[in-house]
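Engineer: Per TrEMBL, domain 'Protein kinase' is recorded for 9-270. According to TrEMBL, the ATP binding site annotation covers 38. TrEMBL lists 268-436, 472-513 with the feature region 'Disordered'. The compositional bias 'Low complexity' feature in TrEMBL is assigned to 281-295, 304-342, 395-405, 473-511. The transmembrane segment feature in TrEMBL is assigned to 445-466.
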């Protein structure tokens, strides 16, 4: 059998075929990884409408960057054929799962909740998916869910309709909202209708309306009452029928305002037997798990599960234990009021532990003030800086320290980066423990004169060579020569917003330095990038700073500078990142996904490096500080924390995060 190749891709088995594209498992020889490769069907090569839809899907997915939307690695055109390179997700589509069986109500609601998270993110960007159905929902072995196929998504506008120019309906009739068949505006509530249909299908094991034929299906969506699942599945409470009926209301104004509101109403109906009153909950319903409900069962030891966002409805039972070697769902710990819970690492995973005794010899209180329930061990409430955790000695921005607070952090912590935290004047880099002296101009001149005197003697030429770094003020010295210890000389232009992009001071490399250099992202291991070790920060064993990086990403310019830190163990790594977010009052919001500075408040969240979902402790955050856009992420596999910086505003921050997605995350 002849092996098919497509550019750098080696094509393997067909994974699926849709209306305008085929998806194959493929091996990316350029990046040494397996991917899901979607290509426009050959019959549509010359169809500009389908080509435009295909390109639109690529742009939409790249722009969303939401945990329940499969991230893309690249997209473009090879040999006049459009393609989309996506992360390969091992799992089953929901239509296969419910073909011959129904789902337990708790599992069905948990799946719908994750789809709702993806839909709300799309709606926040002004996009309507328009084809929400079981076959477009992928479920992994740990019941982590992805919504796929944004190929027919459309922007919301007064002129948007459910019809194409040719008059044909785009989508799947079985799950299509009534307004899609009319010449009126369509918004996110059409997806809410479809999601309610999906919930019914999960519970009943069939589509909502069983009429055969296109005309009969359209008539049913326009005229028939929403079906009830409880007569078809005794495990379904009648309250869930009410939720489905409201989600499938003929008039969009009578439906839930958001997909998240539908999911939260379903969870409440499942746990209390009564759906919430009309109009509740609102768009912010998924901001926290339902209070007072039992936590899901713990997944098998040593099996990290998806993020807390995978099961934000805390009252729902966990899915069945996956087979050995497969990944289970996350376990939300008891949450703070109004905030998502912090997941407890499964047994066998390092805890995010803080030192038992903080500096000063006083033990941290066992119970936080006000009677709040403390999240997972080692992760104090984000309402106040952690006690007992060392604040980072930054080599970049200075993080303001604040005393303990009795309530939630005050603004600007929860405001939009562009209008919330005000950039403060850049401070000189503080000396680290290895850099304690200041070399004044007079001192440097004296050193130079002394060296010139030595140069006169030929016999000491070797000594001059050995000490030339001292003369330049860039080398490191041993602790036995404190008078000549060089430092990072403060800039005379304090307050500038331009990160340093010159070659960092050289130092004698340690094994830890070499280990960190070897662990740098591939884009920073090229000969065209300037990266060099510097004195390690407190809490780290090695620190590397990088200048400009060469990148040809057409959608996002590269950062101006980067910093990477290596830690001795997970506890120190966790403490460093926790100190960063706590000192800025940044809350954890896994359900909102990664950096979304144009639509979401500042937050940090788990990110996703592979098909198994996230690993607890692998967080990312972004914010503006000192006039610089900054993106931070935690890599638990290499025990590193990386930082990207670029002068600019919220638009710069958004593009910097996109560059991180394309150049670093996609290469993990």
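For all residues, glycine too, the Cβ spot is worked out from N, Cα and C.
Predicted automatically and left uncurated, TrEMBL annotations should be read as such.
Since the structure is predicted, the reported quantities are computational estimates derived from the model, not experimental observations.
Thinking about packing and proximity, how do these listed features fit into the structure?
Structural biologist: Confidence across the domain 'Protein kinase' (9-270), taken as the mean pLDDT and rounded to a whole number, stands at 86.
In sequence order, 21, 22, 23, 83, 84, 86 are the residues of the chain that are 6 or more apart from residue 38 (ATP binding site) and have a CB within less than 8 Å of its CB.
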Engineer: DSSP three-state call for residue 38 (ATP binding site): helix, strand or coil?
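Structural biologist: DSSP call for residue 38 (ATP binding site): strand.
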